[in-house]
Structure formats: C-alpha cells, structure tokens
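Engineer: Take a look at what TrEMBL says about it:
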type     : residues  : note
DOMAIN   : A:17-527  : domain 'Cytochrome oxidase subunit I profile'
TRANSMEM : A:34-54   : transmembrane segment
TRANSMEM : A:74-95   : transmembrane segment
TRANSMEM : A:116-135 : transmembrane segment
TRANSMEM : A:155-177 : transmembrane segment
TRANSMEM : A:198-226 : transmembrane segment
TRANSMEM : A:246-269 : transmembrane segment
TRANSMEM : A:281-302 : transmembrane segment
TRANSMEM : A:314-332 : transmembrane segment
TRANSMEM : A:353-377 : transmembrane segment
TRANSMEM : A:389-414 : transmembrane segment
TRANSMEM : A:426-448 : transmembrane segment
TRANSMEM : A:468-487 : transmembrane segment
Amino acid sequence: MSKTYFDETHCAIGHPKSTFMQWMLTIDHKRIGIMYAAVMFVFFFVAVFTAFAMRLELFAPGGQYMDGNTFNQAFTLHGVIMIFLFIIPGIPAIFGNIVMPLMIGAKDVSFPRLNWFTFWLYIAGCCIALASLFIGEGVADTGWTFYAPYSMNTGTNVIMALVAAFVLGFASILTGLNFLVTIHRLRAPGMTFFKMPLFVWGIYATAWIQLLATPVVGITLVLAILEKYFGIGIFDPAKGGDPVLFQHLFWIYSHPAVYLMILPAFGIMSEIIPTFSRKEVFGYRTIALSSASIAGIGYLVWGHHLYTSGMSDIAKTVFSFLTFFVAIPTGVKFYDWVATMYQGKIVLSTPMIWALGTIITFAIGGITGVTITMIGMDVHLQDTYYTVAHFHYAILGGVVFLLFAGMHYWFPLVTGKMYNETKAKIAFYLNFIGFNLLWFPMFIAGYYGMPRRYFDYLPEFEIYHQLSFYGAVIFIAGLIYMFWVLFKGWTKGEATTPNPWNATTLEWHLPSSPPPLENHSKVPYVDFDPYEYKHGEPVVKFNYETMQRID
Amino acid sequence: MGHEYVPEIAIDRDGNQHEVQGWQGDFYGGKLGFWLFMLTEVMMFGAMFLALAYYNSLHPQDFLDASAALNRLLGGTNTVILLVSALTMGLGLLRMRAGDVKGAKLMIWATIILAVAFLVIKGFEWTAEYHHGIFLMHDKLLPESSLPFGQKLFYGLYFSMTGLHGFHIIIGIGLMLWLLKRINAGKVSPEHHILHWNIALYWDIVHLIWVFVFPYYYMIGADGIQMSDFSMIFGGGTNGHH
Ligand code: HEM
Ligand SMILES: [Cu+2]
C-alpha cells in the first residue's frame, strides 16, 4: 500500500522522529484540520456539560445547586466556549482545512506554515480563556457579548476573556486570509470560479467575512481592554462614553459572524444533497452567488440586535427592512436544495439524513428569526427564551448539525474507514428527538415571558424547563453515542475505497483512501462541472495514474 | 523540504499542457496575502476613526479645544519624518529590484533611523503632556476631574490611537531588522524579494494611517493658529499648550 498522510508529513521545523512531535509540528492541512477537530470537540463537550449543569439548576424553581452569580458565570463560559472556541472557527478550521484544498486540487493551502502558526495561536487563545477560570475573581459573568458598562465594572476576570477573544479573532483572520489566497491562487488548471464545488464557495464567502469583520470586533475588544486598564472612557458613561457604541461595534462583527458560521455549513449541505440525490445540483450559480450576497447583506443588518437599546425609529425601521432581505438568498438556497432532490435517486445514508433533519431544524430557526426581525415582536420577545430557542435552533440545529453531517460524509475520506451505518442512524434519531424536545418548549415559555439568563423562575414555567431537561438528557446521550460510533468506526471499521458515495467532486478522486501526503499525486485538468450525474452515475472518470479523463 | 520546486503539468483532454500553480514560490500569492492583511489593519483603524467621528459630532467644541492644545510642531515634524521614511523605504525596494543590495540595505537603515527618531519625538510629546496633567489614569483625565466629557474622550482616543500607531512603528523596526538579517543571510535577494516587498507595503500602510491621524488630532483645532506659535520654533518654546 502506498503511504498516506498518516504515515508521513512535512513539519514546520526539521524532521522530528517521534510521531507525537510530527503531529505537533505538522504543516499538512489535513492533519491540522484533524487537530482542530480534536481540540474543538473537547471544548464542545466542556460547554455541553456546563449547559447541562444549567439545565439541572433550572429543573425546578428556586436555587438548587448554584447561586445566581455562579449561574451568570456558567452561561458566560458556555456562550464564550461555544461561540468563540467552537463554532466560529469550527467548520472553516476543520473542513476548510481538510477538504477545501483537496476540492480545488491544491497540494496544500497557500501558506502552510502560517496555517500551523494559526493553529497554535488558536490554542494560545483557548489557554487564555481557560486560565481566566482560575485567575482573579474567576471567569467573566457578563455573557458572551461583554456589554458595557457592566463589563467595565464587574470584578470578574473580563480582561482575560477579552484578550482570549482577541487572540482567537486574530487566528480567525489568518485562517480566512490563507483560504482566500489559496482559493485565488491554487485552483487546479481549468477550474474557474464557477467550476468550484459549492463548499468552496461557502468557505470563500466566509473568508471575506473573517477578514473584513473580525478586525472591527478586535479593535472593539482592544478599546474595552484599554478602558478597563487605563480608564480611557470610550464606553463608560461616567466618563462621557456611550455604551450603545460598544453594542454597535460589537454587532457589526457579531452579526456577520453568524453568517460566518452558517455559510460553510450551507456549503456542506450543498455537497451532500446532490451526492445523495445522484443528480446535478439545481441552480448552481444561484447557490454560489447567494453565499456571496448573504455575506454582503449580512454586513448591513447588525442593528436588529439593538431595537431595545435606544436607537432612532428610522434606524430601527431601516435595519428591520434590511434584515428581511437576508431571508431571500437563504430561501433561494432552500428551494434549490429541494429542487435538487426532486426526482433524484435519493440514497438515505447517514450524511443525507443529517442534512434532511437540518433542513427541518434550520427552517424553524430561520422562520423564528424572521419573526423577531419585526420590531414590535422583538420588543416583546427580546431576552426571553424565545430568542434562546431561536438561536439554538439556528446554530445548533443548523450549523452544528451540518458539521455532524459533514463529519459522517467525509469520515471515509479522512480515515479510510467506514462507521456502522445502522448505529450512526440511531445516533441521529436520538439527537434529533432530544434536540427538539430540548428546545421547542422554550419557544412557548419565552412567548409567555420566561426571561433568559435567570437562574430562578415562576412556577408556571416549570413544565417547560422539565421537558427541556429530559430533552437535554436524550440529546447528550445521542451526542456521546454518535462520537462513540465514529470512534469505533475509526479504530475497528472496514476499510473503504476512495469514493464510497459515488460523489463527483475532486476530493473523492484521490489515488488512495486516506489520501497521500500531497493529495492528488497528479493534478487533473478541470474542464467539467462539479456535479455531473447521468442516470444516477457520475459522468467524469479518471485514470488515477495520469489523472486524465477516461469517460 | 529545501529542494527546488518543479512546477507540475496537468494535461487536458486534447493533450495540451497546463502548468499547475504550487504554493511554493508563489510571489503573487505572497503579495496578495499581505495586501489582504493590510486590509484588516485598515478595517481596524477605520473602526476607531468611526468612534472618533461619532464623538466629534457629539462634542465638536470640546474636540476643537482639546486639539488646539496638542503640540502641532512636534506632530508636524513627525509627519515629515514619516513621509521621508516612506520615501527611503520605497527607494530601498527599488534598489533591491535593480540588483543593488548594498544600496537597499543602506536605505533600510535610513528608514530605521527615521522610525526611531519618530518614536523619540513621540516620547517627548507624551512626556510634555504628562507634565501638563494630561495622561491616562492621571490628573485631568480621571473621572472626577472637571475637564469636559468631550475633551476626556478626545484624549482617551488620542492616546489609544497614537499609542497603537507607535506600537506599529516598533513592530516595523523589528521587521526591518529581521529583513536586514535575511538579506545578509542571502535569503532575500533581487530575485527573491517578496519579504522586502511586503515590509515596504507594511511601512506604507503605517505611514498612511498617520496621514489620517495627524490632521484629525492635531489640525482640527488649528484655525486659531498664531504667529506666536511659530515663534516657538525659534524662541525655544517646547509645546503648544496655552
Ligand atoms: C447540549 C446542547 C446545549 C444546551 C443544553 C444548551 C443550553 C443552554 C442554556 C441553558 C443557556 C442559558 C440560557 C439563559 O439562561 O439565557 C444557553 C445559552 C447559550 N447557548 Fe447553549 N446549549 C447547548 C448548545 C449550544 C451550542 C451548540 C451553542 C453554539 C454553538 C450554544 C450557544 C449558546 C449561547 C451563545 C448562549 C447565550 C449565552 C449568554 O447568554 O451569554 N449553545 N445554552
Ligand atoms: Cu444578527
């Protein structure tokens, strides 16, 4: 058997003998992607268990296990980890690294050493965030948004959390920069922009947001740090500063950041749907361009987070109006996916059912998002569990579910093994049922006025919190089971061929599975569209020795 | 690695050959990457200018008053220094591309000296302001002082932005020293000067930002400028505080 990227690697410094050091120093994009995945899922579970602790506390009214302050720190820790350590870097860092270069026929990203450096910068950011747990008065209690002036006055360790977020943001910028140059420079000959797989389009749009939006939040965090250290008074009303300015600057980044999470996830969806419908994707160009326009419009709508913070009525109306526009390209994508499935030869493998499940959950997340775009509704629902349910449906039921879908889809590519289909499907149903039971009751509770970020509540909300608790138990069990099935697949699963799904994009046309160190041992000339099927069979076939077409 | 990179060839259906772009030695990619990085710097300072413009619109008179008290002589001198340093940096790159490595090194050294001069002058300026009770966490900028809100905000942003800009100058000096080391080691040469190119671009952005910082902070309050201000140049006055 030929050597794979598990057997040999390039390193940033020298050629260390030990396998461990080879992993620490590797500059191979596939290995770096795997390392990101490993670290991120550890944090994901830390945050899940923090959330579970909150759910336990909320099981009954009154205080049980923690007091209000601890609860404040718990949801901040949960939010900060989930947002900054896990889901913002998530899909780009994992699959952008592992498969994007393979999809465009590149041997690696444009700056492999920078990629290595970025990974360690990310780790440094994580360490700073964790250190804030133990240093000073403990982890911040401000919520992941760090709103001034409270964050300027609380005694908890906000500074470290801010520094961590800044460092992680820097890592995000460098990742986006690396991907932009890679996509511009390293596409295989013949691959025009409109011959790129749709996941690459998702990563491309995302990379622009990373590059243009992250510096704005970066400097906002720096100003907040300077304010806390040197008392410059930009956000603190006691010195004439304006706390709403903080919210503006924060959301100018953080709203686009939600597209930064969802666009690559949509990219995964756009890969899975045509592959398992065995059909050319419907409306390739509209899907590609809708990613770009979501990224563009997403830049102009941050104000919908400030309806209740004091803004002129005209500004509110304009922001509300603009926000509705984001729904259009998003809707276009959904129609294109459904149209792709129409009359397709649908194969219900695990990645496909994850994708189908996500269409349902993300639709709920999206539609409830449109309701709170309306100013009147939002004034009622802002900071209630309705909003909490909305963003968990959108982020967890949209982005994270598609991340899981991608994990199953590219599993054979990364590991060269196959997981157990039946067990993986059971894991999906556990997750899906648990998830809905966990979050759906919260729409109702929120509608009736259950506020978010409270550790105590009126007895009438008990039933919703209890349903939610049972949902959380099922969901977390499903998560653990899913990872266990994948782990077993990796260690004990059957070996697969390079293209088990009959997929068409370049990352499946590799000489071996798992891929060799430098990917396509020979780069093909790309004169075909990314998803060409005829009678349910891929059209394009290669001779893997010469990478010339033989169809 | 270390071995020479030989570009690969992809062959299309008609047997035509197409060169594959590798990541190794991609001069154009290196340039593109650094341009994108500079774009993030622009976004970052842009956000601060946004905050500045916002507070300026809230407290126009305070801003003018505070600006009038800054030392335009030192600020102006620094502007000239930085403009000249941008010139030397650019000339250095031209020398390098023309194959004159020695001349290029000389120009980089000149840039470094100018950058240090900039920092020294900035140091004098901040010290003088400190002695006038205008400094972070100090005297007039404390919450309980009676200085108007607008002025406190102005100075807060002034120290933040000139401080951050000065930090960029320090990084620039470091980068230039590193560049000299790479040139001496033969890693940067007329045939392979992407590093030189990018550091020159960095220096351009740093001076460009200053070109916006200077008028916004030092010049807006300058309409009351008087001959006596100029007489300081000759009369040995040290700063413009009235
Ligand atoms: C097992 C899955 C999860 C559970 C049980 C869970 C539970 C919770 C709970 C109970 C809260 C506090 C609500 C409040 O009192 O306002 C919360 C807040 C939050 N969750 Fe989750 N969550 C889960 C997964 C996620 C994921 C995957 C993400 C994002 C990637 C996420 C992002 C957030 C954010 C941003 C907040 C707001 C924190 C804040 O208010 O500062 N959660 N979650
Ligand atoms: Cu938003």
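Backbone N, Cα and C define each Cβ position, glycine as well.
Note that the structure is a prediction, hence the values are computed from the model and not measured.
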Engineer: Report, as numbers and ranges, every residue of the chain located at least six residues beyond the transmembrane segment (A:155-177) whose Cβ falls under 8 Å of a Cβ in that stretch; write 'none' if there are none.
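Structural biologist: Here the qualifying positions are 73, 76, 80, 84-85, 88-89, 92-93, 96, 114-115, 117-119, 121-122, 124-126, 128-129, 131-132, 135-142, 146, 206-211, 214-215, 217-218, 221-222, 224-225, 228-229.
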Engineer: Mind checking which residues reach the transmembrane segment (A:34-54)? Cβ under 8 Å, same chain, six or more beyond either end.
Structural biologist: 23, 26, 65-66, 71, 74-75, 77-78, 81-82, 85-86, 89-90, 93-94, 97-98, 119, 122-123, 126, 414, 455, 472, 476, 479, 483
Engineer: Mind looking up the mean pLDDT for the domain 'Cytochrome oxidase subunit I profile' (A:17-527) in the predicted model?
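Structural biologist: In the predicted model, the domain 'Cytochrome oxidase subunit I profile' (A:17-527) has a mean pLDDT of 94.
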Engineer: Verify whether three or more Cβ pairs under 8 angstroms connect the transmembrane segment (A:389-414) with the transmembrane segment (A:198-226), leaving out any pair fewer than 6 apart in sequence.
Structural biologist: no
